[in-house]
């Protein structure tokens, strides 16, 4: 069973705790361990069968509570069935509609149009008929997209007006983009589930038996205390558990709301504005780009190579190309490629996605590796506890019926042939109650729940630190991260871009917007390329005012530069027609458009990574606008210009064009397949865009390096730009470090074999000109080397790397919806400093759970040994059921709350990452636990057996003396736990009080526990079978508890072996098994 205390089959190289052993033994041990159901390395991609195995293997007295926040496997299957039904339902409606339409055509009749759209010339029913049923005929009857836009009082170019009255009107007629969600479980449901705990049910049976026994032996006036007090304590545990779980449930619901609240751009009144997905209305015009989620049902207005992944709705993973012949867009689908604009025709419950989301309640549950491992620990302790309880029950019954159990006055309780059957049953009930108390203290049901409490607290705090957790397990996995592969743009830099250098007409423009040096022809072509080859836009308010530029930071920088050169965005775009678009592609590092001017002349414009576009250029346009062949000298001049700009950490972008004399494909299908010519280009300009490093990023990277986490920059930018930024922010220490393989280009890395990549991946600090596939290969290589890898990504093509990594971090501002859905945590401000905060919180989660385990196991071990030894030796227990229920409440709920909410400290970032294979209970924890438990057991057992003599109680009434002795044991035991709670805060630090004043909740819980303990002893003793203590007895109890502080300090001076305890036993067990 010792392998239950272990992590996953992973050991970092140079891990001090791993020891040295042969590869064969390592592999054999891995095989031995992987069979354990509690040994799931990562639940991120674990199979349902594997997750089911660990549930079935756990010894669980209350499954609904133990597995509350884990994935509901039954509900997952139900969700899939509902999804299949809704898909089939939608297809059946479509088929029925087509059948009806065919019948009407045969009869020569048409379906009369219903118009009940209020102020609009089209009703919701008609819109549903068009979009949900993909009815192209009905769309044509309404006048196509233009006719439908008119009916909805919107413009395909400028969108709706978007004022408040317009929005309200549209929501009243067509509904809002929300859907009724299934209500979360009520508080009463949590109360009912908490009540179903088998331990508590056994206690209620014991309470009923105690009540009956008490009334029978002591009469109604005095006899009800014992039974009622157990029942009250059980009810208190139920209520506290239900409140705790209900509050966590509300937190998870809020988190889900945050995850679903996507923000996107819509065009209203001619300008692009950012709105919440819930604020979209019918008639809205929405630009779509790669990676976006289609936010509502709609119809394509214009599209260029637009491909949609409809797998979320149809269940089929094929990509569907959208065009005027197939213009219908379904809510919830993703843009796989291309770009376009859509007209919203259905929102909320009037979409298939809305129907689907209203039918299923999203399961917030999810396994985390710590939950799995803690269930292993809890199962092991539970088996030990139940075995001990059964043993004690057997021993006590034998003792009782053989006449070895005595009353406080010394008389024998059972005499064969003399004691009545009724008295014998009473004695047996008392023994049963003693055994139940041992079960209560031995089964730590609260252990796996402590994980959820810690994670819920951390998630709430991480939101304040600009990190939205999508997967619970990412919180704890981040604490084990050994390397972070980070993007450059926007993460390490500010993403506030401006053009600071420009080479136009074969010369450097100084300043970069000096349009006086440009000829009319060159200026015209350049401005055409800037205005047309972009997915950004420029809005000029009609009444004057500041011009608004929207788009990605790079696009915005180039558009602003174009405006300074005299560009009239609207006029330029209206002078020529877009024929075809090749959207910017992170693999090719460029994007292009084909334009047809009013004179029918076709131009191909390209824009992208400077050295890649330059390599495609055979000519360039000089200052007078003449096209000149690109000779070697001029090519070298441009290459040197690029290197010079890159060395100053500028992003270099080249703009080029070429005339196209051949015939452009006329057919829409052929046009979609047409590849834009990218050879024989004419260079127009190369611009250098400055994107300064984020303030504080150097310190954040230094903090990571001190914490044993290597930061690697993976960027699509030029290698020289990447090198300059890496030196600026501290990823590279000096120019001496900037050599291969520390600094490598993506194409070189991908050319290596798998084995070579693994070897080189370890050394890489900066990868420039990388494609998303290079990032994926790097992640795979690092994981094979045993690293726990965190990856940042924002593009759709980053999704495989985000999915493959141990922790995928997507960007909240620049990230696409596809990237966000593949990630585990969303960094809301795109800032690397926030990534470092996530590492701190990850380590804090792990550390806090370890604190709680140390605290709870100390209580478990001490209480179990005290009661077992006392029960077997004297037939009675010093700690009764009510007292142990109170201790359990301190441990399970209040203790978890106090220790799980410890904020992260700087100390956490001065130690190496937590290895996945490192034991949950470290040697340091074993040392602390055994010292405290041994001390408590020794002192309290001495009090139990010699208490009357030591406390000078020999002359007191035997029953009263016994009660005083037991009260002092109970009081000292509880106070020991309160004092030990401080020790648990800092398992490896001598000063356990550091930072205690910052955690008000901890101080509040300790104070509340202390006050309640005084109330129990001094005022409600009849219920807990305690008596009032005098000041000497209180001083003695506090003195016993106080010793745990100096004892903990001295204990920390004792060195512990580096080989984990569990590994020592595993090796012995394994070797023994082989022989």
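Cβ atoms are placed via backbone N, Cα and C, with glycine included.
Just so it is clear, the model here is predicted, and its values are computed rather than measured.
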*Of the ranges 147-166, 167-186, 227-246, which one does TrEMBL list as transmembrane segment?*
227-246
*Cβ contacts under 8 Å made by the transmembrane segment (1001-1021) with residues that lie 6+ beyond its boundaries*: 886, 890, 894, 897-899, 901-902, 967, 971, 974-975, 978, 981-982, 985, 1027-1029
*Over the span of the domain 'Cation-transporting P-type ATPase N-terminal' (141-215), count residues by DSSP class, listing helix, strand and coil in order.*
47 helix, 3 strand, 25 coil
*Give, as a single whole number between 0 and 100, the mean pLDDT over the domain 'Cation-transporting P-type ATPase N-terminal' (141-215).*
84
